[in-house]
Amino acid sequence: MERNLKNVLVISFGFLLLFTAYGGLQNLQSSLNSEEGLGVASLSVLYAALILSSMFLPPILIKKLGCKWTIAISMCCYITFSLGNFYASWYTLIPTSVILGLGGAPLWSAKCTYLTIAGTSYAEKAGKNAKDIINQYFGVFFLVFQSSGIWGNLISSLILSQSSTKVDISEEILECCGAYNCLTDTTNTTGSAKPSNSLIYTLLGVYTASGVLAVLLVIIFLDQIKSDQAETEKEKLEAPSFWSTFLATFRHLKDKRQCLLIPLTMYSGFEQGFLSGDYTKVYVTCALGIQYVGYVMICFAAVNSLCSLLFGKISQFTGRKFLFALATVTNTACIIALLLWKPHPKQLAVFFVFPALWGLSDAVWQTQTNGLYGILFEKHKEAAFANYRLWESLGFVIAFGYSTKLQAYIKLYILLSVLVLSMVTYGAVEYLEAKSSPGTPTATKKENGGPHSQETCM
């Protein structure tokens with residue numbers, strides 16, 4: 001096997017193992033650690049730390065440690081979060097959430113840097129176009145990585161469904177499920193009561209082992225980048241000073257289009273936060289039991305992946321406006337239906353319909369918003385995507401931050417309001433673009449390529 005491709009597969013399967021554990025654990029936080037809102041509070045802190053990390057740490061760590069060891073050490077930060085869940089308290093989960101958040105940005109930046117260098121190196125040897133090889137490597141990575149959402153949730157559901165303490169859910173308890181939830185712990189541990197400690201420890205043990213395997217895979221099998229390549233990459237990293245990069249992020253807000261895209265970017269964090277933090281808790285766990293959370297999120301992940309691929313193909317024919325409209329209508333319909341629906345175990349199929357439709361919408365928000373940033377701010381990509389990470393993460397922080405303070409229906413109204421505002425400001429961006437280049441249609445070919453090429457380093 002060609003050595004660079006071997007390294008791509010090592011990174012891909014390392015991330016698969018790591019995010020099989022983290023993704024499954026994140027979706028369970030609101031249900032597993034519901035006391036005093038500990039689980040969602042830890043996720044809010046995690047994304048706040050990620051914001052700080054993305055501004056300062058990646059260039060420093062990659063320069064000092066190189067890509068391989070930055071990836072390995074950052075992966076260890078994720079493992080600490082699994083360990084913190086063994087004895088979940090404010091003194092264990094909050095610090096480990098900070099550690100994970102600080103390791104998140106260097107991990108993804110080092111991965112992007114490594115795959116870019118590997119692609120460039122192979123292209124030079126083979127006499128091929130570097131951009132084509134890099135895109136091919138990222139395609140292989142995401143093909144493997146995206147399945148982590150399925151495996152992590154499948155593991156949690158299979159293990160937690162072994163509980164022998166199943167209980168019938170009374171109609172009184174079901175009254176506390178859904179949009180008008182009762183904001184009490186009654187809604188948090190219904191369905192199967194709380195899983196036994198032995199099952200929780202088994203699940204956390206499997207997740208921790210998965211993370212450890214990811215680290216060992218990288219340490220043992222991932223090659224170091226050759227010194228000349230590493231030096232070239234270090235020079236690129238050193239080109240702008242840390243403070244100039246930091247200031248460029250905020251200087252980019254002088255662009256009116258960037259300011260208008262803030263609501264849309266934050267909405268991405270809001271809607272993902274609602275699904276993983278609120279839908280899983282007040283609808284699924286409350287009415288069915290925690291063992292169903294994994295199955296429901298598998299449905300979301302599978303539809304999301306398929307639609308991401310599909311929309312990347314058809315966007316060249318439909319344009320991004322149609323896809324944004326499709327996502328808006330779908331999400332709006334879901335929000336209104338969730339406000340009206342009273343979840344009941346007899347309606348099992350309905351619990352899967354919502355995450356499926358949500359996955360369709362999220363595929364648009366992720367691919368098309370990333371592509372839109374790449375097209376609009378082609379000359380200032382670094383500052384633009386730093387803003388993307390900043391505002392999306394802030395959306396997560398806010399969504400998880402108020403998760404335990406407000407009833408679900410209020411959060412749904414907030415979600416709907418932000419969505420409407422997002423579409424108004426997005427429409428203004430399209431108007432400004434059309435006004436600045438009258439008679440020139442948007443380059444749909446760029447649109448088609450944008451999401452996949454730009455999404456890779458997010």
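For all residues, glycine too, the Cβ spot is worked out from N, Cα and C.
Owing to the predicted nature of the structure, the values given are computational and were not obtained by experimental measurement.
For 39-57 (among others), the entry in TrEMBL reads transmembrane segment. Sequence-distant contacts of the transmembrane segment (39-57) (same chain, six or more residues past either end, CB-CB distance under 8 Å): 26, 28-33, 81, 88, 93-94, 96-106, 242, 245-246, 249, 269, 273, 277, 386, 389-390, 393-394, 396-397, 400-401, 403-404.
Annotation comment: TrEMBL describes 69-88 (among others) as transmembrane segment.
Feature annotation from TrEMBL assigns transmembrane segment to 94-117 (among others). Outside the transmembrane segment (94-117) by six or more residues, the chain places 7-8, 11, 15, 22, 41-43, 45-54, 57-59, 61-62, 67-68, 70-71, 73-78, 80-81, 83-84, 134, 137-138, 141, 225, 229-230, 233, 389, 456-458 with a CB less than 8 A from a CB of the stretch.
Look at TrEMBL and you will find 137-160 (among others) tagged as transmembrane segment.
Below 8 angstroms of C-beta separation, residues 6-7, 10-11, 13-18, 20-22, 24-25, 32, 68, 71-72, 75-76, 78-79, 82-83, 85-86, 152, 155-156, 159-160, 162-163 of the same chain, each at least six residues beyond the ends of the transmembrane segment (199-222), sit close to that stretch. According to TrEMBL, the transmembrane segment annotation covers 199-222 (among others).
If you look up TrEMBL, you'll see 289-311 (among others) marked as transmembrane segment.
For 323-341 (among others), the entry in TrEMBL reads transmembrane segment.
According to TrEMBL, the feature transmembrane segment maps to 347-365 (among others).
Look at TrEMBL and you will find 386-404 (among others) tagged as transmembrane segment.
Annotated transmembrane segment per TrEMBL: 410-429 (among others), in sequence order.
Under the heading region 'Disordered', TrEMBL lists 438-458.
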Highest-contact recorded stretch vs the transmembrane segment (410-429), from 69-88, 323-341, 386-404, CB pairs under 8 Å: 323-341
Surrounding residues of the transmembrane segment (69-88) on its own chain - C-beta under 8 Å, 6+ positions past either end: 11, 14, 18, 21-22, 25, 32-33, 38-39, 46, 61-62, 95-97, 99-100, 102-104, 106-107, 109-111, 114, 201, 204, 207-208, 211-212, 214-215, 218-219, 222
Any contact, the transmembrane segment (289-311) to the transmembrane segment (347-365), with at least 3 Cβ pairs under 8 A: yes
